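Taken verbatim from TrEMBL:
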type     : residues : note
REGION   : 1-26     : region 'Disordered'
REGION   : 43-91    : region 'Disordered'
DOMAIN   : 106-295  : domain 'Peptidase S26'
TRANSMEM : 109-127  : transmembrane segment
ACT_SITE : Ser133   : active site
ACT_SITE : Lys186   : active site
Amino acid sequence: MAAAQRRWPGARVQPGSWRSRKQHAGPWRSWLPLRKRMVNDAGEPMKTGLDESREAFGEGSGLTAGANGLAQATLPPPPDGAEVRRGPSAHPHSHFHIYPGPLDTTQSLLSILVIAIFVLTFIVQPFRIPSESMERTLLVGDFLLVNKTIFGPPGHWKWLLPYRPEERGDVVVFYFPVNPAEHVVKRVIGVPGDRIHLRGGVVYRNGQPLNEPYVVFEPAYPDNFRDNFPIRIYTDPGVDMHWWQQLRRTEQQGDVVVPAGQYFVMGDNRNHSRDSRYWGFVPEREVVGRPFVIYFSLRRPSTTDVQLPPDDKLGHNKDLLTRVLNFARWGRFLRIIR
């Protein structure tokens, strides 16, 4: 049986008393029960709520007048072919707008400021690369975002805070042991218990040479302490005296043994990096976090990269248009740090 002729319990809708939904998509008020003309199985008209109101309270009572007004509010269906509008487009000339006041604007700005301070304090922090010690993984002028929540001791909250300890090969940002007011970025080479030494510039960890595809060796003056670490005699003025004294205590059979709670770090630009070879281990508590993305990169000259043309290295581009277009390294935007 068709949906329009479907029987109701004890009553049915008189055919032709309203248009079907497919024929008429008028206002929702036209579908109120007051518009329905009901008949019972005997074909006799059934009383509606409006009829009962008239009988109970009289034709001129207030309740009857309200019912009449409600009945009149159910607009008749629009004529065939008429345009029917709904929603905001039904009133295209409405100019009623609500503008936030100064108090609402101030509250919104304060909320944004509080969220930004929380994020920068506990979650991520931006840094800029000022030196060439991590070329070509990180270049001078790179702007990094550092994840400050990744490192930490595992515990019962690991499902919520997925901490993990620093691992070999991680690029980390930490407070400079010689000057804690500065931040330094290097790569972790040795974790607690590892035995480290260098021979001819090659890093050996636990007796095995490391495969380091990220390392570059730019031309530099010979440095026996840098390339054959550790050694008993040194002449480099860049070696920290306190580290030299500690180095003698941690050396075992030609290897430096990384103590508990400390890390041995080095730069990827091995010949131009002041790292754990010169000032010692990095305490675990001094590690800030792990950089994970380069979000911007300004083109800055490098004094060590021999693959750059001389003009780029010294920053003497004479073509003004070229300098304007090349002020940033566009290919390094949003690059993941590995």
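Just so it is clear, glycine is given a Cβ too, placed from its N, Cα and C backbone atoms.
Model, not experiment: these values are computed from the prediction.
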Reduced to three states, what secondary structure does DSSP give Lys186 (active site)?
-> strand
Sequence gap of 6 or more, C-beta under 8 Å: which same-chain residues meet both conditions with respect to Lys186 (active site)?
-> Ser133, Met134, Val171, Val172, Phe174, Val265, Met266, Gly267, Ser273, Asp275, Ser276, Val282
Mapped onto three states, the DSSP assignment of Ser133 (active site) reads coil
Across the domain 'Peptidase S26' (106-295) the predicted model averages a pLDDT of 89
